[in-house]
Structure formats: structure tokens, C-alpha cells
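Right, one structure below, let's go through it.
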Amino acid sequence: MKSLGSFRRKFAPWNDPEAKPYISFENVTKKFGDFTAVDDLSLTIYNREFFALLGASGCGKSTLLRMLAGFEEPTAGRILLDGQDLRGIPPYKRPVNMMFQSYALFPHMTVEGNIAFGLKQDGMPANEIAARVAEMLKLVKLEQFAKRKPHQLSGGQRQRVALARCVAKRPKVLLLDEPLGALDKKLREETQFELMDLQMKLGLTFVVVTHDQEEAMTMADRIAVMDKGKVKQVATPAEVYEAPNSKFVADFIGNVNMFEGTVSTVVPGKVDIDIPADKITIRTDATRECSSGQTVGFAIRPEKIRLSRKEPANTSVNAARGELYDIAYFGDMTVFHVRLESGRIIKAASLNAVRTVEDPLGYDDMVWVNFDTDAGILLTA
Amino acid sequence: MNTTWSRFNIVSLVIGFAFLYLPIVLLVVFSFNESRLVTVWAGFSTKWYVSLFNNKSFIDAAWVTIRVGLISATCATILGTLGALALTRYTRFRGRMLFSAMIYAPLVMPEVITGLSLLLLFVAIGFDRGIWTVTLAHITFTMCFVAVVVQSRLVTFDRSLEEAAMDLGATPVTTFFKVTLPVILPAVVSGWMLAFTLSLDDLVISSFTSGPGATTLPMRIYSQVRLGVTPEINAACTILIAIVAVGVVIASIANKRREVQKARDEQAAARH
């Protein structure tokens, strides 16, 4: 049995019709004056899920998070958390905690003071606070920095203090606004895995806002791709990448070669698309309903395209000839830009699985590109 | 950077500082004059300081000034801070521009007008003039200075600090006292000090609004000078200058130290 992506998931409550959503947005709209930040949006998030809201800046993802935290009230619609309507509940009474993009550490308090702040507001006895703070410091490996002030810490350490501070209260849901945005690349990669471990260990529901798709793909169980206040697709990283539901999502996530053409023939299980501009015909699996004469899109990821000097067996479909125009070598992989006769550039990527290659491809070589019928995605939206 | 001193620069500097400080230096020097005549040097003496401290009317006026200064600066700081908060936080209410302008207007209003209008108000409502009317008048004109100082700090204040506090369970009131106030405290303190200094040396508004038994030090000095300048006044002024100078020096040293320490900490943190 074939399935999308490279691994199997044990945790998938969204496929279980019995599972009850933990957080639900029901037809939520948020307007700021004339500007609609969130537009009639519905979304469900499950308990213990690591959920990512992904989108470009201004797509409404942060507004969504702020509505969950209680800093903004929806203009219309409602938000439920564990069955409770959150309308009218001020931020300081909501069982959610947020980690801010700027970390928002209190500059006049020590690391300990910052972590203890939320616990003090709950009126927890002093000895329990001390124990919890010690536990949190250990969790984020900052024991020896307890007495420092935020400005005496490095960026990565501040990020961990911010994390410890919002985890300390054991919230039902942890909201993270661009949690790794201020860290450098190496640290970001490490921290991604730390966050995932932490989420597993604590068994919390995480909702993370990010504009970084790699971050979302790495960490999240499911991703909501957002644009202009609407959710375009909610799915696992593999589904979002391998089976995007629209041209927007296909284009937004990862690299893609996008074609537009007309359906010429529909044979059982397969669809032929004519791309007159590039004089090629694409044959692909009929993953979506479409009829002859319909204008459709076709998206194919660079790594799903094969490159060869030899002419493929069948050149009538899914094949084209062109010259190697640009080569981008990344070490782990190489991306080739092939220019077809029509002038169109096709990106094809190949993994550098071995160190040495006999007779490698070079600039200006004439090559064939071809791909299988299940390599690309038929898009009708 | 050019580190050599040209003759022109040195001369400019000397003229500039002489212009600023020569009168003050003269005043200080003559406060130690033996002679009763202000302009004739007759040897060193501290007798005018002794006689100043034995002059009950001066000491009384000093106490009035300090009391008025402390109370009015404190009230003005509270009111000015609240005003600044409202103006920076609620950026979209109707007539915000008008309110903004109205808080700045008293800064440029001639003191005579402020003093006169306050006097008319106190007379109209039948408020007996005395130490309380002076205090009220000082609160009125110093609170806008506080508002301006605090407002300039609040503009750069990171609102997410307050949101974080509320997110962690702090009510808006707790948030203000535990997070907002401690962070803007330096600005509030400098606002207070500014208000106190303004109150300390105000003459015009005090003259309009004070009544019997509420003579402030500047008023006492002014009325004394009309009868002729005595070295006693020089001594009083020297003490005032000393207090202000010491205050300013301590504040700037503390500020500098804090900045240096912070820069050092940040460098140390970046090395981890």
C-alpha cells in the first residue's frame, strides 16, 4: 500500500471520526477597521497536537494566535477550548500561555523571577514555586543562570527562558509566535528538535505561528497554510508537500514547476494535459475529477524529475528536451535549470548520493527531462 | 576624529563658558565675602552662612519651598504619568490630537497667564490662598513636563511585556505595578526630579497664588533683593546651586555606571 511522505504516523486524531477537537475556531472573522485580518475561518486542533499556522506576513496567522490568547476578540464567530467558549474571557483567565516573538522577558527581573511570575499570580505557595522554577530551569538547562537578568543572556538562552516561563504554569495549550525567528540557523535547527521533545515530554498542545516552512514541516503534526485571512489547506507536512489542494499551496510550499494547460483526453485513471506554450503533453494520474477541455494546473517538484542525456523510451508524454542553463550545487543535492525550446525553465533536482560521478552533466549539455505519471499533482483550484 | 585643539576652538569654549558661568561664579565667590558690600572683596568669611541659618524667615521659606516641592512633584508625577499612559495607549480616540496639544500647551504658556488664571480661579471659588494653593498651582504647571518625559519613554516601551504579564495571569492592575511601572521607573523618577526642580525655583506662579504664611524661598529672596542685595542672599543661592549641582552630578554618574555595566553584561552574554 502506497502512502504519502516518507514515514508512518502513529498520532493522527484528525483521521479518527470519534476524536473530539480540543480547540475549534468556528467561522471566526476579525476586522481591524476596514481591513479583514481573519476571514470566516474554521479550524480544529486536537489535544497533544503540534499544530503550525504557516503563511506570509499579514496573512492573519498572528491574529489567530492573539485571539486564542485573548489579546483580540473575534469580530464574529467563536473559539472553543476544551468545550468552553472563550468569548469575553480576559487573557489572564485563559488556560493558555504564549511565547512571544520578542520573548518579552521582564528586564527588571532575574531568570528565576521571570519563570516564577506566572506561578505567583496563581497564588502558589513559595516552596512549590521554588521547586517548579528549579524543575523548569533544569528542563531548559539554565540552572547556573538563575540569578542573571535577561540582558546578561545570549539570544538562545533568552529563548529558553521565555519557553520555561510559559511552560511553568502547565497551560492546556502553548502558543508560540515565531519561536525560533530570532535565532541563527544552526541554533534554530537544534532548538526545533528540543521543542518537539519538550512537547512530547509535557504532553501539551502546541500552536506555533511561523513563516518558515522548513520549521513548520519539521516540527508540526499538521500545518494550516494561510493566505489573506483564510486557511488554504490543513494537512500533515507530507500531504501539504506531496498533495497540495491548490496552486497557491503547491507554489507556497517548497520548489515547484507549475504548468497550466487544457485537458485533452480522460482515460480511466489517467488524464492527458496539453501544454501548448511548451509543446508538451503531460499524462498524470487522475487524482481529481476533471473533464475534457477544462483548464487545469499541473505541479511537479524538481526532485521528481529525471534528467538524462539518453532519449527516454516514450517521448510522446511527460518528456521534453532542453539545454542545461544553470546549475546550483548545494552539496547534498544539485538543482539543474533546463531551458526548453520554448524558453521555459524547468527545475530538476538530483540527490548527490555518491561522491564521484562518471561523465557528469555540465553547462550547455542537451538533456532530456522526463517523469512518471504519479510524479506530479493535478490541480483544479 | 580631530583631537588637536585649535586656538579658535579654545577661545570659543572659554567665551561660551564664561558667558554661562561667570555670574554664578561671582555670586558664589561673594557669598564668602567678609564685607557687607556685595561688590567689594574684603577677605574670606563664612559669617553670612551663619547669619542665614539664624534668619528665621529664610529657614521658614525654605521649609515651605521643600514641602511644596515634595508634595507637588509627587502629585504631578502621578497625574503626568497617568496622562502620558492614556495618550500613548489609546491612539485612536476622537480628539487625541487636541488632547496631545493641550498637554503641551502649558509648557509654552507664559507663567504670568498661568499664575493669573489660577489666582482668578482660587478667588472665584473662595479658596483661601496659602501653602495649598501654591501646591495646587505647582502641580498644574509641572505635570505636563512629567507627562512629556514619561511619554517619550512609553513610545519605545514594548507592549508585549504587558501582554506577557497578563498572559501569565496578572490582572491589568498587577501588570501595571509589577511590569510597566518598574520598566518606565527611570523616566518617572526623572519626571519627578524635573517637577521638583521647577517647583523649587518658581517665582511668578508662586507669587500669584500664595497667601500669608506661604512665602517660598524664591519669593523671599526676591523681596529681600528689592531692599538691596545682601551677602546672605548670595549664601542662600550658593546653597541652592550646590544642592542642584550635587543632584545632577550624582544622577549622571549613576546613569553612566548603569550604561557601562549593561554594555559589559551584554558583551559577556554574547560570548557564550
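Just so it is clear, glycine is given a Cβ too, placed from its N, Cα and C backbone atoms.
Feature annotations, courtesy of TrEMBL:
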type	residues	note
TRANSMEM	B:12-32	transmembrane segment
TRANSMEM	B:61-87	transmembrane segment
DOMAIN	B:62-254	domain 'ABC transmembrane type-1'
TRANSMEM	B:99-125	transmembrane segment
TRANSMEM	B:131-155	transmembrane segment
TRANSMEM	B:176-198	transmembrane segment
TRANSMEM	B:233-254	transmembrane segment
Criterion met for the transmembrane segment (B:233-254) and the transmembrane segment (B:12-32) (at least three Cβ pairs under 8 Å): yes
Interface present between the transmembrane segment (B:12-32) and the transmembrane segment (B:176-198) (three or more C-beta pairs under 8 A): no
Stretch among B:12-32, B:61-87, B:99-125 sharing the most Cβ pairs under 8 Å with the transmembrane segment (B:131-155): B:61-87
